[in-house]
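Undergrad: Quick one: structure below, then a few questions.
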Amino acid sequence: LQAMSGSEQDWLALRPQEPSPSQCCGSGCKPCIYDVYEKELAQWERAKAKQDKSLMEKKEQSSNSELNPDTFTAFSVSLVEQLTEDTYQYKFELPGNSSLQLSLGQHIVLRGVVNGLEVQRAYTPISPVNAEGYFEVLIKCYEAGLMSQYIKTWKKGDMVFWLGPFGGFPYQPNKHGELLMLASGTGLAPMLPILQSIADDEEDKTFVTLVGCFPTFDKIYLKPLLQDLARYWNIRIFYVLSQETSLEKLPWSYQENTYAGRLNEDLIKTITNSCRRKPFVLICGSSAFNEDMSRYLKAAGIEEDSCFVF
């Protein structure tokens, strides 16, 4: 057997590492960390065939550039705010008065390195799409989560790498008579920019019913923002609290639009029947939540082509 030549070894050292299963969150992010790997591998193979290492340069961008779907860009953390025991709101600076240029409900992909492993997760900014000079992300941290361990170390001034934007719900004002939004926990994130844009546009007459599912009253995120949105004539907000047994201790302003227990088939029927027009439904939560909601909606007579799952 011939010894591997020096240049062969150099090329092998440049070959992208295949991700391990623990680096993928399994929630169907687009692009997944495996998609990014496939793309980098193809780039490596092209460069190797041409023996041209300049084709391998990772376009790591500087911090004052724009979000890009092909390259990770660094943004600086400007504020860390703890909302509940495990949920945080992070604010990032954008250069000058630039905005992220997202369309509604689009997500961006975060890259972190934990114990030498590269990890990626997708998050939807909750700031208005036209926000200038900053963007905000709502993140739930899990005790054993790889990415959570990294996120919990963030402090003001840290540089964090983001890629995007991707996906999104192609929202058009007045296209649907009513939007029914079913959100579990941080599944609230993609709903907020859409709600904000409807509230800000006087010409948009779309009715919205948002159903936010949380364990307890204390764990409802962003109450002041949601209370403000609920004051608009065309926006209603309901809360479903799975671990509350009674609503008596809740502030009276919440009692009439809050349900104790789980969001089940009967409650979905009650809510869809109370919609002012036949709703188009947006769903965002865990995969189990999304599957349950799709099943309950079908039982309530709402077909798949009237639903969009983030």
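Note: Cβ is positioned from N, Cα and C throughout, glycine not excepted.
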Undergrad: According to TrEMBL, coiled coil applies to one of these ranges: 6-33, 34-61, 90-117. Which one is it?
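TA: Of 6-33, 34-61, 90-117, TrEMBL gives coiled coil for 34-61.
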Undergrad: Just give the helix, strand and coil counts over the domain 'FAD-binding FR-type' (70-172), going by DSSP.
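TA: DSSP classes over the domain 'FAD-binding FR-type' (70-172) add up to 6 helix, 48 strand, 49 coil.
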Undergrad: Using the CB centroid of Arg121, Tyr123, Leu138, Lys140, Met147, Ser148 as the FAD site centre, which other residues of the same chain sit with their CB within 8 A?
TA: Leu110, Val137, Ile139, Cys141, Gly145, Ile151, Thr186
Undergrad: In whole Å, could you give the widest CA to CA gap in the FAD site formed by Arg121, Tyr123, Leu138, Lys140, Met147, Ser148?
TA: 14
Undergrad: When you measure from the Cβ of Met147 (FAD binding site), how many other Cβ atoms are you left with inside 10 Å?
TA: 20
Undergrad: Same-chain residues six or more away whose CB lies under 8 A from the CB of Lys140 (FAD binding site)?
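TA: Once residues fewer than 6 apart are set aside, Lys140 (FAD binding site) is near Asp86, Thr87, Gly185, Thr186.
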